[in-house]
Amino acid sequence: MTIKAESRLIIAMDVTDRKEALAIAEKLGGAVDAIKVNYPIVLSCGLGIIGELKQYTNVIADFKVADIPNTNKLICEETFKAGADAIICQGFTGKDSVQACVDAAKQYGKEVFVVTEMSHPGALDFLQGHALELVDLARAAGANGIIAPATRPERLAMIRQRAGDMKILSPGVGTQGGDAASAIKAGADFVIVGRSIYNAPDPYQAAKNFIEQLRR
Ligand code: NUP
């Protein structure tokens, strides 16, 4: 099953309290295209949180998998067995490592997204200089899509041009300074928003506001 772009909003569930996460998921699950989990919530609540969140919407495991092919395969298998619909891996480990994730995903009918240029300032130290090569690598390995920064719409547009029909998930909206509508305009299919939603006084209203911006 592939994650479809409807609201175009993915919530980054980086809260570490299980009850809080489930309460947010219950309220927002029907409105967003996916919930993205990362290490903070899985380390605090256990891998079972994926299955619990999945009752509400698709779940993407942002584990930034970055190991040798065999270890990547084992990580992907456990993640898909836990119920994740997609996994995020790093590309800098090389094509064979990404390919191992793609092969595991195909076996389980799941998706793989490869990190290219990250959204934070430190991405300029190493990643930016190789971002387009990482896009090519993701494509060559048969990944479903890539992660590219909403904090730099001009870079996002450049990455979009290179990415062909691969999906682009774009983090960095809100707290990191990126703008949701600009990211979509630059070529993202989905934006990922964490703190600006889950730390808002009313997370439901905050998500609605993003969805409204994305519709225009
Ligand atoms: O380049 C990336 N930037 C980024 O922020 C790649 C990511 N996977 N993320 C993740 O997106 C980050 O780890 C967090 O889970 C989410 C953004 O959260 P926020 O800045 O909206 O709170």
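Any Cβ shown, glycine's included, is placed from N, Cα and C.
Every protein chain shown contributes to the tally, and the Cβ of D62 (active site, for OMPdecase activity) ends up with 26 other Cβ atoms within 10 Å. DSSP assigns D62 (active site, for OMPdecase activity) to a strand. Taken from TrEMBL, the feature active site, for OMPdecase activity applies to D62 (among others).
Long-range Cβ proximity for K64 (active site, proton donor), meaning a same-chain Cβ under 8 A and a gap of 6 or more residues, is found for I88, C89, Q90, V115. Annotation comment: TrEMBL describes K64 as active site, proton donor.
Annotation comment: TrEMBL describes K64 (among others) as active site, for OMPdecase activity.
The Cβ neighbour count for D67 (active site, for OMPdecase activity), using a 10 Å radius over every protein chain in view, is 16. Mapped onto three states, the DSSP output places D67 (active site, for OMPdecase activity) in coil. Taken from TrEMBL, the feature active site, for OMPdecase activity covers D67 (among others).
Residues or ranges marked as substrate binding site by TrEMBL: D14, K36, 62-71, S119, 171-181, 194-195.
What TrEMBL lists as domain 'Orotidine 5'-phosphate decarboxylase' is 8-210.
Each of the binding-site residues G174, G178, G194 was assessed for Cβ neighbours inside 10 Å, and the highest tally belongs to G178. Geometry remark: S119 (substrate binding site) versus D62 (active site, for OMPdecase activity), CA distance 14 Å. For I68 (substrate binding site), the Cβ neighbour count at a 10 Å cut-off comes to 12, with all displayed protein chains included.
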